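Below is one structure, written out as structure tokens, with a few remarks after it.
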């Protein structure tokens, strides 16, 4: 029976099967993420010294009987075997084809990440041009909310229709949205373009991560994702100064319009070079995402939000034949913990990056270009964190210490900002106080990805990956909205005190200091 179980699992995931043989031969003797333990049911638990929080990292829907590997997993295997070889990307060790596939996807990863920091560096100028400074945060929030709304279904759609078709659709939406924002003649038109771009951006990075888990063994996933993180960080590094420069020189509109031709090139390359891929699996997913900022303050929304959320959870758990997002995933502590870590790190990182350009414009009257360059230390730290964590995991096959290091590093950065950034003149050396924050985020994203990847079955991998990116997007939304709310509230309070007793003080808008 043990031999039969091993064959079943190897058929389901050949890459894991190869590492199983290495471990069984005694090459790896300590319990790490590569250590696979097979029980009588054929399920292989993968963890680092069991798991992040629990004794065993098992899929909750696993039945646990010898005879019950049967129908569902047999159908999974038969579905893969029946697929046309030309239509399916087989799981294989990294080679030239994998490098080529991942390499051509880096254009989309670069542009989508550059877009984020580009807007952070120029949102003040954009909103000022339309006289809508109070709505400045919506340039980022609308983008993130749209991304969160469709993020969960990205993985499942790629299971049903193939990675290639879904990725091309995301590229087209992103290009349309970016150009639409660039030619918008009113603030609402620019925000609408950001919504469409957010719908496209939802899959431009997550599908790359899904493809990596398709193509490489689990112990190499962290290394490959660190390379993707380098490209993403390069985009964020260039986006800030470039967005500020364009806003100061030829105008902010070209920072959006210019993304159209670049994504057009990516569409051509993906259409010609990325093999088609389809799956017989169809486990639909979703995770509810809710807006915030102004709309959630409406009493009608507050009254219906909780009942609808409760009904949604009850239906997904007990009524839906194919749940949008399998609730069983959230029962796993490793998965839930990874999602929470990702959301918190994303929120603190974007809150910090949202505030930095504004800080330098307000305290030092910096140009958009110079204010944008002060974002570079954070993305530098993010790059270092991603690379070092990928190297550490691939060498030691351990991830839990990295989660702890990420929290400590981010806490150090925010402590330095509170103690040292008090409105006085800040030098470039002082700007490196934000490096630990980016470093912690880079580490946390890599470690959390490996933690949940090692805890879910392959058939749920795309769904679980989309959920992780959903949590990241929700963290971005909460980070921007929270930072904006704190800034506005504090400004109103302090400005009211400063202008107390001055004629016409009530007519002065607190947003004028933006």
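Placement of Cβ uses the backbone N, Cα and C atoms for every residue, glycine included.
Residues or ranges marked as compositional bias 'Basic and acidic residues' by TrEMBL: 1-15 (among others).
Annotation comment: TrEMBL describes 56-66 (among others) as compositional bias 'Basic and acidic residues'.
According to TrEMBL, the feature compositional bias 'Acidic residues' maps to 67-87.
The domain 'Major facilitator superfamily (MFS) profile' annotation in TrEMBL covers 101-514.
Here TrEMBL flags 1-23 (among others) as region 'Disordered'.
Look at TrEMBL and you will find 47-87 (among others) tagged as region 'Disordered'.
Residues annotated as transmembrane segment in TrEMBL: 168-188 (among others).
The transmembrane segment annotation in TrEMBL covers 194-215 (among others). For the transmembrane segment (194-215), same-chain residues at least 6 beyond its ends with a Cβ under 8 Å from one of its own Cβ atoms are 89, 91-92, 94, 98, 101-102, 105, 108-109, 111-113, 115, 119, 138-140, 142-151, 154-155, 158, 163, 166-167, 169-178, 180-181, 221, 224-225, 228, 232, 277, 449, 453, 461-462, 465-466, 469, 473.
The transmembrane segment annotation in TrEMBL covers 252-272 (among others). Listed as Cβ neighbours of the transmembrane segment (252-272) (distance under 8 Å, sequence separation of 6 or more from its ends, same chain) are residues 104-105, 107-108, 111, 115, 118, 122, 125-126, 129, 164, 167-168, 171-172, 174-175, 178-179, 181-183, 193, 242-243, 246.
Long-range contacts of the transmembrane segment (402-422) within the same chain, counting only residues at least 6 positions beyond its ends with a Cβ under 8 Å from a Cβ of the stretch, are 52, 341, 345, 348-349, 352, 359, 385, 389, 392-393, 430, 433-441, 443-444, 446-448, 451. Taken from TrEMBL, the feature transmembrane segment covers 402-422 (among others).
Residues or ranges marked as transmembrane segment in TrEMBL: 434-456 (among others).
Only residues 6 or more beyond the boundaries of the transmembrane segment (468-488), in the same chain, are considered here, and those with a CB under 8 A from a CB of the stretch are 134, 136-137, 140-141, 144-145, 147-148, 151-152, 154, 202, 205-206, 209, 287, 289, 292-293, 338-340, 342-352, 354-355, 358, 445, 448-449, 452, 510-511. Annotation source TrEMBL lists transmembrane segment at 468-488 (among others).
The predicted model assigns the domain 'Major facilitator superfamily (MFS) profile' (101-514) a mean pLDDT of 77.
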